[in-house]
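Over in TrEMBL, the protein carries these features:
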type: DOMAIN; residues: 20-319; note: domain 'ABC transmembrane type-1'
type: DOMAIN; residues: 351-562; note: domain 'ABC transporter'
type: TRANSMEM; residues: 20-44; note: transmembrane segment
type: TRANSMEM; residues: 74-99; note: transmembrane segment
type: TRANSMEM; residues: 153-173; note: transmembrane segment
type: TRANSMEM; residues: 179-196; note: transmembrane segment
type: TRANSMEM; residues: 264-283; note: transmembrane segment
type: TRANSMEM; residues: 289-306; note: transmembrane segment
Amino acid sequence: MTNLKKLLAITTRQEKKNFIILIFMSIFLSVIETIGISAIMPFITLASDPSKIVGNEYSKKIYDFFDFSTTTNFMIFFGLFLIGFYIFRAFYSIFYNYLLNKFAFGRFHSFAFRLFKNYTNLPYKRFVKRNSSELTKTIVNEASNLSFYMQSLLLIFSEFFTIVLLYALLLLMNWKMTLVLTILLGAKVLFLLFFLKKRIEKEGTRRSIMQSKFYKILNETFGNFKIIKLIQNEQKLYSEFSSISYGYAKANIVSNTLNQLPRLSLETIGFGVLIGIVVYVLFKYNDANFVLPIISMYALALYRILPALNRILSNYNTLLFLSSSLDIVYSDLSYTPQTEGKDFMDFKNKIELINVSFEYNKNKNVLKNINITINKGDKIAFVGESGSGKSTLVDLIIGLYKPLSGEIIIDGKKLTYDNIKSYRSKVGYIPQSIYLFDGTVGENVAFGYEYDKERIIEVLKKANIYDFLSSKEGIDTLVGDGGIQLSGGQKQRIGIARALYSDPEILVLDEATSALDNETEAKIMDEIYEISQDKTLLIIAHRLSTIERCDRKIMLSNGKII
């Protein structure tokens with residue numbers, strides 16, 4: 001698929017309409033440019049010999065229509081008209097460029113939002129296979145690059161129409177000289193396109209790869225800062241970062257250097273051609289009044305054509321350099337996650353797993369023929385060695401994964417894409433590692449929901465941390481990046497409050513206390529059992545001490561219940 005088809009495939013109908021409107025506006029701008037340049041020749045001709053005003057059929061009609069008293073008045077009128085026309089051209093050009101940039105860079109919002117929406121709607125199984133830094137890079141950088149890509153494409157169209165019309169004008173004046181000009185400039189343009197294409201595409205791919213590594217090493221470094229400070233081996237880290245940073249810089253250095261070649265080459269050839277035209281016309285006609293308008297016309301045309309050719313080549317190089325961004329965004333937007341419906345799913349009695357199997361990769365089952373029943377209000381522990389499938393089983397129960405085979409039944413109703421969203425809303429999840437963003441306690445507790453101060457205080461009290469927060473700034477206490485201002489137990493309690501905020505019917509503890517000391521763990525587990533009396537509690541645990549009060553213990557080994 002060509003890049004243009006890819007671009008059209010990921011733009012909306014309205015965006016396509018706006019794109020076409022801008023193309024027609026660029027054609028009109030090209031017509032204005034051509035008229036502005038073509039008017040110079042008659043102005044210079046008449047100014048050098050005013051007697052031609054009444055001698056020329058067209059100028060005489062204008063002269064008689066406005067009833068000019070002298071040729072001087074006619075020339076003043078002609079000059080003022082040209083000034084007014086150029087002012088109009090300038091304002092129209094500014095307006096067109098405003099709309100062009102508004103359209104091109106406004107697409108960043110469109111692409112970034114659609115990518116963000118796509119990623120958040122990915123099936124959980126597909127999402128966990130992606131690198132979060134790669135997804136961040138695509139939204140922040142590749143979507144932005146695509147705005148520059150669209151701007152470059154529109155600028156190419158605009159400059160192309162201008163060159164076509166100016167060449168048509170020059171052909172009408174002197175087709176032989178224009179043909180020589182076309183051959184010389186055309187040959188140079190084709191050579192530059194052929195010479196630069198593969199190298200710029202290569203550097204564009206290098207840029208994308210290095211940028212991905214950039215995000216990855218930054219996330220890994222800042223996410224493991226304590227370990228970085230302890231290992232005392234910064235040189236290895238510095239060396240790796242330096243290599244990535246240099247690779248990214250080199251890609252941009254090479255690309256921007258190559259972008260200068262068209263301008264320098266075309267300027268050299270263009271001025272050489274112009275000198276040749278001047279010499280040719282002077283020797284052939286030897287009449288200053290005749291030669292001056294022709295030379296002026298070619299000079300003005302080349303003055304506009306050469307920069308236009310340079311901009312076409314420069315923007316074409318930008319398309320090559322950023323083509324990898326288009327490929328990445330196209331690939332991610334082409335995938336449409338299955339829409340989750342809004343059917344209501346009630347949970348009043350029980351959850352049943354009937355002959356459920358699951359696999360991450362083909363021919364490698366993680367779970368095999370699982371059959372369990374969970375009654376509402378049950379407190380169930382899932383235990384087993386690492387890799388036994390206990391976390392995967394709970395993820396299936398709460399609707400994060402879709403079974404390879406078998407069924408999940410809630411109150412006699414099969415769990416499907418139509419009702420899974422309603423079912424998931426009944427789940428509160430407390431992971432082993434609580435992620436707290438750099439904000440207030442209240443903002444972290446209400447994450448993803450409407451901010452309700454009274455509800456926040458209520459769940460913080462249930463999590464037994466409100467008294468501690470009252471000695472600080474209350475729910476406005478700042479937690480720091482990753483919750484660095486809090487202890488492990490305090491972070492865990494805020495995680496519990498977050499899970500309780502939506503008043504879930506099912507509460508999941510995914511080894512939520514395994515990183516805590518025994519005393520803190522015992523206190524938190526007592527609190528969890530207390531606040532989950534009317535809830536279904538699913539606990540994934542290694543320590544038997546945390547599951548002593550469970551109604552049932554489900555032991556897993558090699559993907560099977562034993």
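Quick reminder: no glycine exception, Cβ is built from N, Cα and C everywhere.
Predicted, not measured: the structure shown is a model, and the values here were computed from it.
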Task: Mean per-residue pLDDT computed across the domain 'ABC transporter' (351-562) - done: 86
Task: Positions whose Cβ lies under 8 angstroms from the transmembrane segment (20-44), at least six residues beyond its ends - done: 59, 78-79, 82, 85-86, 88-89, 92-93, 96, 99-100, 103, 154, 157-158, 161-162, 164-166, 168-169, 173, 292-294, 296-297, 300-301, 304
Open item on the list: Below 8 angstroms Cβ to Cβ, which residues of this chain, lying six or more residues outside the transmembrane segment (74-99), approach it?
Closed with: 22, 25-26, 28-29, 32-33, 35-36, 39-40, 43, 46-47, 50, 53, 59, 62-63, 66, 68, 158
